[in-house]
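Report on the structure given below.
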Amino acid sequence: MPQDPMDFEWSYWIEWGRERILWLLAGHLLVSQVSRLLVEKYKPWCLMVYGMAACWLLLGIKGFAVILLHAAISFAVAQFQLSLLTWLCSLILLSTLRIPAVEEAKRKWYDTENEYYLLLFTVSVRCLFCTSFSLEYCWHAPTQKSSHSFPWMLAYVFYYPTFHNGPLVNFDEFSKQMRRQEAFSVKTNLSILIVGIIRIFFWWCLAELMIHLMYIHALYSSALPLESASYWALGGLALAQVLFFYVKYLVLYGVPALLLRMDGLKPPALPCCVSLMHSFTKMWRLISVKSLTALLICCFTYRYIYVPMGGSQSSLLGTLLSTALTFAFVSYWHGGQSYLWYWGALNWLGVIVENGTKRILSISLIQDLI
């Protein structure tokens, strides 16, 4: 039975995975395990060199140069130790991905659109990693700056398991865990690998079954079946799409999470099942912490925008502003199209309404009435 071709993200990454990325991830695993066994002290640099070579192989010398240039500019701006300046630099670098002349020039570097999109996706995610390093650099005391050198930035930016699609591991966690030297057990790592592969294979089979039998995205792409469907059917379609999104990210984030564990790092927790969610605010908080993202960056915005702006601990106006900025950045990072701004505004409104209702219900007079 033919599969539903309308979910671009799933089809795109599965195709790239089969062609090259899975083989390069297997190469990373081999380099990692050999370096842990023989030269644990130099493991970060072995993995950095491998990540650079993999980047060069997939994106070419020009794509590699673009990512290296972004890292160098971000590092140079971080030396001023001004968070606002770091954010301005990050937004400018991100905006260069949407300049038509620049887009057209980059397209000419490659033979196919898929290769250009791989560069676009990779550079977008690398922007988040560069911003993470730069902000952590700004926030640390001068005595801690030695651990935030340019070589460590490159080791972080070119770490291959998270290179193309995330998930995001902030620089401090990455650096701390990568420096830590632990006892290496081939038997333990082998058991982790086998169990991890079995779980990911199960999730992949489930996702493939859904995409071959349910045709959720094909139904959404045509107005006619939606107009004729009942409200119950529309609700079922919406739930099915969200559940497929959940299973899809168990696979797309499960693979790098397994490699992180094999490297001796602690990966971000995999997504919680969306069917267990009943609170709009709780859903976004868990997304932020556990990396089920509308595309990966909510954990980033939670740490680097929402919390520094005061978040739920600030005044009502501060909460409104920090939440608005969080969703604004998520919308802009995804491309800034009008529908994304509507999406961000509706999510912001949902969080505000729920938080506002909770505050009203916490008033003692209202509680007495209840």
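Think of each number as a place in line: the chain as shown, counted from 1.
Backbone N, Cα and C define each Cβ position, glycine as well.
Feature annotations, courtesy of TrEMBL:
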- 20-39: transmembrane segment (TRANSMEM)
- 46-69: transmembrane segment (TRANSMEM)
- 75-95: transmembrane segment (TRANSMEM)
- 116-135: transmembrane segment (TRANSMEM)
- 150-169: transmembrane segment (TRANSMEM)
- 190-211: transmembrane segment (TRANSMEM)
- 231-252: transmembrane segment (TRANSMEM)
- 287-306: transmembrane segment (TRANSMEM)
- 312-333: transmembrane segment (TRANSMEM)
Any contact, the transmembrane segment (150-169) to the transmembrane segment (312-333), with at least 3 Cβ pairs under 8 A: no
For the transmembrane segment (190-211), sequence-distant contacts whose Cβ falls under 8 Å of one of its Cβ atoms, 6 or more beyond its ends: 3-4, 7, 10, 29, 240, 243-244, 247-248, 250-251, 254-255, 258, 261-262
For the transmembrane segment (46-69): best-contacting stretch of 75-95, 116-135, 231-252, by Cβ pairs under 8 Å: 116-135
Close approaches to the transmembrane segment (312-333) from elsewhere in its chain (Cβ under 8 angstroms; 6 or more beyond its ends): 91, 94, 124, 127-128, 294-295, 297-298, 301-302, 305-306, 340-341, 343-345, 347-348, 351-352, 355
